[in-house]
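A short write-up of the structure that comes next.
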Amino acid sequence: MTNYTEGLDYAKEQDKNDTLSHYRNQFHIPKDKDGNDWLYFTGNSLGLQPKATQDYIQQELNDWANLGVEGHFEAKNPWMPYHEFLTESMAKIVGAKPIEVVVMNTLTTNLHLLMVSFYQPTKKKYKIVIESDAFPSDRYAVQTQLNFHGFDADEGLIEWKPRKGEDLLNIEDLETILEEQGDEIALLLIGGVNYYTGQYLDLKRIAEIGHAKNCMVGIDLAHGAGNVPLELHDSGIDFAAWCTYKYLNSGPGSLGGLFVHEKHAHNKELKKFAGWWSHNKSTRFNMRQPLDIIPGAEGWQLSNPPILSMAAIKASLDMFEEVGMKALREKSEKLTGYFEFLLKGLNNDKIKIITPSNPKERGCQLSIQVQDSDKSLHKKLTEAHIITDWREPDVIRCAPVPLYNTFEDVYRMVEKLKEILS
Ligand SMILES: *Cc1c(COP(=O)(O)O)cnc(C)c1O
């Protein structure tokens, strides 16, 4: 465990010794009207823009201007196979094999497409388990899947809840749910890092618990990808989906990522919705071929993808490739640990950190619960250009992102918090 010290000098010293500190300069940091950098702690919601992104997108605009349709083959980065340029780096970020990963569509869309394949309910085995504080989009997705298959959403949805008086999920309670109702459960769809509490769950354990009762196991990694170290292949989960505009800095509404475990890569029995981009690349343009779906994650694609959005993803992934998740995670643990140290030092009952304090059970985000749901704290931070986000009912989410946040950012944020609280 790192030993931290209070005071600005210590924060500055940490930044000086930080081997990743130069990456901050590779991002546009929003500024107030006097030209001072905002203290930006919402990379968990929308990651900042890498300066390189503009050039990556400009390249595709130029090739489109100069080559028109020929850009599909003649562009510097040909558009036909463009998604393939993203696969390897993305696979590394989530600990998967290239055949298991593809970048396509957006997160909720991908969850639905994955459930077409991995939610195959029967009259007896049809229920879906989610965590009680699941992100609304995930909840709506599973509710409507239940409806689509003719089930009552209230009856078919099982919530894994924290125990009374607690904020975090306990894996033993998931075990109990499966022991008691496993025969009726078809699917577990769980947020790997909870958007509200920041709790990072043991995915391997969840997979074992689900598989022991013949359930499919899917994980939403919106708050995991690019944030925590992931070993999706080894975890044994069946599928996962995530977005790239949070920790992966690819811009608002950008494309998502999808993982399907290798064990399903060649299974032709799996039900799938298909389009021409699901079809064998070598005969795709013969146009009169019977459907021949590509093995692995690529087989879930439907359409030819938006290249401008993919260019932004490429800009970001090239940076992740250079830094590597290992170095990123090392800094992240230190930075978030320091944040926790300073917050605890405030010794103020008005705020409580609900995120696990074990670094293995969290990413960079700390969720600060505010007594009496007092929103004014968040408002005053925002007025000081300290950007965090408020999540109902009573939490301020704060994510010091190791690629662009500094120890000094964290120090100044907590100083301001101290001032507001006193
Ligand atoms: C951010 C987030 C989403 C957003 O879904 P989109 O389809 O990308 O709009 C969904 N689920 C979770 C858990 C999220 O954190």
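The backbone N, Cα and C atoms fix where each Cβ goes, and this holds for glycine too.
Automatic, uncurated: that is what TrEMBL annotation is.
Taken from TrEMBL, the feature pyridoxal 5'-phosphate binding site applies to L107, T108, F135, P136, S137, D138, D220, H223, Y245, W276, N304. The secondary structure of F135 (pyridoxal 5'-phosphate binding site), as reduced to three states from DSSP, is coil rather than helix or strand.
Counting every protein chain shown, 26 other Cβ atoms lie within 10 Å of the Cβ of K246 (N6-(pyridoxal phosphate)lysine). Annotated N6-(pyridoxal phosphate)lysine per TrEMBL: K246, in sequence order.
D220 (pyridoxal 5'-phosphate binding site) counts 29 other C-beta atoms within 10 Å of its own C-beta, drawing on all protein chains shown. Proximity of Y245 (pyridoxal 5'-phosphate binding site) to non-local residues of its own chain (separation of 6 or more, Cβ distance below 8 Å) is seen for L46, G47, G251, P252, G253, S254, given in sequence order.
Spanning the listed pyridoxal 5'-phosphate site, residues L107, T108, F135, P136, S137, D138, D220, H223, Y245, W276, N304 have a farthest Cα to Cα distance of 31 Å. Within 10 Å of the C-beta of L107 (pyridoxal 5'-phosphate binding site) there are 23 other C-beta atoms, taking all protein chains into account.
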